[in-house]
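Asker: Encoded as structure tokens, here's the structure I'll be asking about.
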Amino acid sequence: MSKTHEKKEDLFSSVGDAVDELDHQDQVEDEQGLRKTGATDVEGHPVQEIDSLCMYCHETGVTRLLMTRIPFFREIVIMSFECPHCHYKTAEIQPASEIQEKGSRYQLKIEGKTDLDRQVIKSETCASIFKELDIEIPAKRGQLTTVEGILQQIASDLESDQPARLTIDPDTHAKIQSIIDKVKSVIDGDEVNFPITFTVDDPSGNSWIEYKPGEPAHKWSHSEYFRTKEQNAFLGLAPPEDQPSMSTSTTSVSDNSAETDKARNPSATTMLSDNSEIENLNTEVQTFNASCPVCFSNCPTHMKIVNIPHFKDVIIMSTVCDECGYKSNEVKTGGAVPEKGKTITLLIDDAEDLARDILKSETCGLSIPELDLDLTPGTLGGRFTTIEGLLKQVHEELKSRVFTETSDSMDDETHNRWKNFLARLMDAAEAKIAFTVIMTDPLAASYIQNVYAPDADPNMTIVEFDRTQEQNDDLGLSDMNVEENHGDNHVAEPVKSK
């Protein structure tokens, strides 16, 4: 009996031993050496820790990591390091997502002390600029902070070496002290210093300035851009060593006439017919080789000219890179630059109106007053779709990139405002409410389908307006010149919009 009893004790552990073993599992390291601390954020993401080398005393410290999601942005990794030997501490963030297809630039107009509370994410590749203060912070370690936090850090960094400057170079000390005083004045909310333009520029596309719904359009803006070769090299995205020739022919044609036509129109994907070059250009999908703006590999771009009745010809372009997976599509209008801009206003009061075609160019701003929606020029790029499709695309962009249902740092008021705004946007897309679409395009390159054409649309008004000097400067029209010959004299005159 005693041997049987001993075997049972070997097979079954006590409840206390099981609890101790369960508690010990949280401290078990995985293959990477990470340990769970038991702490989590609001969404349940665990805080983990790992032993790390302290770069000051070269002893072993502890790094804690938390992967979480920032409201209006994306996933990030928050890291903090502490050394128990020399008591050195530091904290930084790194993006948890991949490098974006394009670089991003955020701009905030700081008009008072309340704007200093805006959250800011600066990745390690991001530069930030305070234009009126003439201060530019180069790329360094990643931070999750506020505008005020950045200003306080600027003042602290400049003050640290001031005693030494006073002894070595009094003139430089005085100039830097004036900058410090001005920065502190901004932090204190002195109205004399406002407004201030704050810009965050990140070629990796992983930095951000907090957006608050319902604020004026001039206060916050976001734009994307293609990286330069230097920026790709800075991010470690080196271009391929061998660039294939863009003029390499994919097929060999023995017929001399075919070679001649190929030279006249090298972009054609199919053999040219007996029609003229212009006729083929309007009927075929043209393909030409180009460089991918992300990886600089050779990739095809497809182009097709489409005529929109009662409007003009538009060019639809599509690019797909087989190397890195980059995709883009654009819609551009053809023809001469018109003398005046154009504002199109359409009242949507019927479900059938949502099926109207709409062309929004890159230079067009779109607003819907009933929804408090204001899209600045450049937002969404050029789009040729329907009104319903455009509204759903705006909803999808805001839902996936800006607003999240679970946000630990979003206050209830902001959360409810976002939910109400997105709900009304879907109501408009489903024809549950009437609304007005206003498109303002200084190049008159945008269009809404007139279902009554060629008669006037009772719900649509089109108003032409003269472009301002600022609009001409932004569009590059002020810098365009044409030379005219008058006998022996050359007279350069500003170009006139056609």
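Just so it is clear, glycine is given a Cβ too, placed from its N, Cα and C backbone atoms.
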Asker: If TrEMBL is the reference, give me the range from 205-225, 457-477, 478-498 marked as region 'Disordered'.
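Answerer: Here TrEMBL associates region 'Disordered' with the stretch 478-498.
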Asker: For the record in TrEMBL, which of the ranges 1-42, 379-420 is the region 'Disordered' one?
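Answerer: It is 1-42 that TrEMBL annotates as region 'Disordered'.
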Asker: Mean pLDDT across the domain 'Zinc finger ZPR1-type' (52-211), rounded to an integer, is what?
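Answerer: Computed over the domain 'Zinc finger ZPR1-type' (52-211), the mean pLDDT is 88 on the 0 to 100 scale.
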